[in-house]
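A.B. asks: I'd like to ask you about the structure that follows.
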């Protein structure tokens, strides 16, 4: 039972300090937004970029393994500060949303309008659902261990299913010059990339010890384990970056 | 004469704590400049930037490189020299209101730093990925590299160093000692520029294809992480400003 306080008795403080504190909120938000777009995007593009750039890299073995693993890093680091210091349960979603803004702007204005790759060929993957679960779990449990194990696992396991509605259609088979291709393969062959011969693609090619149709779930669960380990590592990296120590000399 | 002095003093006391004009001017400066750059590369990337052995490449791109490097060195020395020369020699004895005003000016610098990092690390970095897939490069100084490495990186380096210098010379918070995470947040992203040395060496003698996720690029990633150290600066700023807002603002 909470106390019933009539709205009319509650007067928000609108003095100078309130306005300043509000202005300061906006400044922090703008800094955080652009700085995280910049550094998270740089980190992401240079470690799993090719899988994220091209539709014909979005396979079953590598893409759902490495993308969550690299994607959980900045969310963990930023959560460590936003949650611990400010009780703001949005660290992961902030990072992932920032990354998506950065990638979308570049895909549209550089890939498409500068160099004319079709947008459908260079759609970024989404990690928003995993980030929401990660933030919610941390908020509800307030526990690094539980968020690592279950949040990290959810971040990886949700990746492929939540991207399937975006990329499933590019897996339609087509017959081209007596070969069976997916639409995604066809995009790769049709829109020439000068620096990317086909052998460069790091995608599933099959092995003699791959059984049935288990490639995607295997990759997702392997990624879930790795994410559970990556999460606490980056949590502590985030903690370290939030230090307020001074040095006397460099 | 006396009247003039009086009115100047009154103006100083009434000066806004957050100068929004400067904030918007700073943000617009980068936006307008980089919009121009995006237009320039859109036009002259295709008409003069495809063959580096052609005379028009010299006119439209190499000259741009020489000019921007000279201007950047002058700007770096000029801005930081000016901030150092006009440093507050009695920084510990300013009024709380003046201190708060400087914190907000400092935040104008920090927001500009985040904005500059966005353009350098997010937009122009990933944009280079698509230019690599559009041309087979015949020089290390492609139009995209001339903009990414030698324009957008130096610009955020200049902005970051100016921000650090402003804090160091005008804010009591940073007067004693060197804020470790502030140093990392400025020097880490700066090191991305020297890392171009490794990058170009590697692309010349080691990785022949344009694999964006090649380990050769991880140096950029490592130094990019350093931008997270801005979380330490935010922690320090929040503590300093909270302390000031608790006091009387006059």
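Cβ coordinates come from backbone N, Cα and C, glycine included.
All TrEMBL annotations are machine predictions without curation.
Okay, so TrEMBL annotates it like this:
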- B:23-40: transmembrane segment (TRANSMEM)
- B:60-83: transmembrane segment (TRANSMEM)
- B:104-125: transmembrane segment (TRANSMEM)
- B:145-167: transmembrane segment (TRANSMEM)
- B:179-198: transmembrane segment (TRANSMEM)
- B:218-242: transmembrane segment (TRANSMEM)
A.B. asks: So, taking each listed stretch (B:23-40, B:60-83, B:179-198, B:218-242) in turn and counting its Cβ pairs to the transmembrane segment (B:104-125) that are under 8 angstroms, which one gives the highest count?
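C.D. replies: By the under-8 Å Cβ criterion, the transmembrane segment (B:104-125) pairs most with B:23-40.
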A.B. asks: Give the nonlocal contacts of the transmembrane segment (B:60-83) in its own chain as ranges (CB under 8 Å, at least six residues past its ends).
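C.D. replies: Distant Cβ neighbours of the transmembrane segment (B:60-83) are 44, 47-49, 52, 141, 143, 146, 150-151, 154-155, 157-158, 161-162, 165-166, 169.
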A.B. asks: Using a Cβ cut-off under 8 Å, which residues of the same chain at least 6 positions beyond either end of the transmembrane segment (B:23-40) come close to it?
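C.D. replies: Apart from its flanks, the transmembrane segment (B:23-40) reaches 108-109, 111-112, 115-116, 119, 123, 147, 151-152, 155.
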